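Structure record follows, encoded as structure tokens.
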Amino acid sequence: MLILSADFIPDKVSLQVGQVSDRDVIAPRTISYVDPVKTRQLEAEVLASVPNVYDLDVSVMAKAEENLAGIFRAARTVMADKNLNTADQRADKLHTFLPVPLSTSAVTGLVSLDETGLAKTEEYTRNILRKYFQRGIREDDLDMARKQVALDAEELGLGANAEAAVASIAQTLLRPNYILNVRETDKRKQAALASIEPVRVTVKKGQVLVRQGDIVTSEQIHAMEELGLYAGHVNELRIFGLAIFVITVMVIVLGYLYKFAPRIYQNDLYLVLLGLIVLVSLLLGKAAHYYSDFAAPLAAGALLTAILIDTRLGLMVSIALSMLFGVIVDHDLRAVAVALIGSMAGVYSVSKMPHGYSLARTGLWIAAINFLVVSSTGFIQQVDNIHVLTQGLLGVISGIASAVITTGLLPYLEHTFNITTPIKLLDLARPNHPLLQRLLLDAPGTYHHSILVGNLAETAADLVGADAVLARVGAYYHDIGKIRRPYFFVENQVGAENPHDKIAPTLSTLIVTSHIKDGVELCRDYKLPQCVIDIVQQHHGTTLVSYFYKRATENEHGDCIIEADFRYEGPRPQTKEAALVMLADACEAAVRSLSKPNVNRIEATVRKIIRERLYDGQLDECNLTLRELNVIGDVFIRVLSSVFHKRIEYSDVKGLREEKTKNGNNNKQSSREDELYPADGANGNSCIK
């Protein structure tokens, strides 16, 4: 969580609008957000582009004409009143009769006109009103219309008084006849607003938001807020989402282990190792992220998991690491694809070499796959060719780095968690290993016996689902304890006197069975892994040393002999590999002791030994099935028959020639092949040596 959320909890940036920045502020990731300022500007532009909806009010014009008629009717009434002798009297009287208030200049102009002037003034005023009402007058057009009316009146040529009256009356009677339909206008504006998308701004990872020395703007502050950079702002919702995502991935991995790999799920050491591998892998991915996402050696985690724990778990870890790496790279699909496919290719590479693997070859394999994935996805996204090549080379570096990191970490993790890998086992199988060198020099017969037992166990292990490398290495060291007293074991006596002929069977049994304890001590002295020590300790189980037990029963009273004293201390084989070494050891020794081995005798011997071990309960604690025991027997018979095959007994060629000379057959010299393989099959009974 801490690694993945590092970008979510950024350094504090406390800049203010108008302040000169004292640092460069760089976007840690790509983000797209809604810019409220630009969105509001766009909304204002859209609202301004929507025209207002107006409704024509015909009653306004009718009312104006009605008032116009009333004004001139009042003017004629005042004109007809003979009691009004002066203009002021007529003006005062007209003021009282007017339906709407008029300016003094308009009233003065009206009372100065005669009937003809009144008629013309009324007609021109009506025409002007109709002209503007027919055009339509809005509220915001009214002032302009009244100014234009004054200009129109001046062009009538009626004289100053009449023109003043026309202008004043028309200006007074003009009213907006286009009334704003607020409801419909608002409806259209809302529809226009609904049709637009908020303005989104995209900030790319690595983009400079504010340069040192620049004056900070409100837009830059908002961008930093969206990125969670401003004033130490933490996006709690993102942290919560990340926690849910990480927990989900962990639950899936643990669920896989619980369902399909309970052996790993129940091993706390494996779980700690798995967590450490994931942690180190994400740290490496995070470190590479600041340089290039394609250079992240994420495959190292998958390789370590596959080698140290389980191959199938390595595939699961490949998926989990790639998903978590997606958070680091801000969900860059190309980077995730490279991490996923490269990791899975690496796991596939080590899984296809059951007898060992070359991490150098695996690194090259991952590098090639990474280059192909980076290039192909780059072409899909139409990335510039130069960038594709550069990114592809970074992918190659990632593959090689994954192999190098795996090689470097593997020994330390093996030692810390006491895990034995095929690489370590193969090192133990090298003939120049110091302990094997001691075995070869001090107990050569045991050494060659162990090599053959290793071949038997390894061949059978491949067919019964056991670890072939472990079976072979365990067989190489299973009798390593014999180097303490090599000549007490028949394979090392080479015609010498058997020391067991001079000591009691009980002592012989103690000497023979002690090679187990001695072997365990030697293995620990040479720091061999526990899995090999277990095979050394278990390869005889609790079997009976029958030869010395039989001697003891023949030499002593039967009642005084305790069978348990002639059995190995055990334990019985706990794994398939230990059981294979037990069976291979016994079968090889028994077949080697046959005086005239042939396929039938070898088969009978192998079947008998397997049956005896089964009936004696030696195989009760390992998970070998009866079908697998039958397969093991078939393999042992085939291999042992090829080793202990019938050989031609080579005759003394010189003696044959001398005999032929004596018989006068010098002129009939036969070829070497004729002497050794006569046509009549006379030598068909040659014995095997």
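Heads up, the Cβ atoms here are built off N, Cα and C, so glycines get one too.
Annotation comment: TrEMBL describes 442-599 as domain 'HD/PDEase'.
Marked as region 'Disordered' by TrEMBL: 659-689.
Annotation comment: TrEMBL describes 239-258 (among others) as transmembrane segment.
TrEMBL lists 270-292 (among others) with the feature transmembrane segment.
Summarising the annotation, TrEMBL assigns transmembrane segment to 298-321 (among others). Using a Cβ-Cβ cut-off under 8 Å and counting only residues 6 or more beyond its ends in the same chain, the transmembrane segment (298-321) has close neighbours at 249, 252-253, 256-257, 260-261, 264, 270, 273-274, 277-278, 280-282, 284-285, 339-340, 342-347, 350-351, 359, 362, 366, 398-399, 401-403, 405-406, 409-410, 413-414, 417, 419, 421-423.
According to TrEMBL, the feature transmembrane segment maps to 333-351 (among others).
For 363-380 (among others), the entry in TrEMBL reads transmembrane segment. Beyond the ends of the transmembrane segment (363-380), by six or more residues, the same chain brings 294, 299, 333-334, 337-338, 341-343, 345-346, 349, 387-389, 391-400, 402-404 to within a C-beta distance below 8 angstroms of the stretch.
TrEMBL lists 392-413 (among others) with the feature transmembrane segment.
Here the domain 'HD/PDEase' (442-599) has a mean pLDDT of 91 out of 100.
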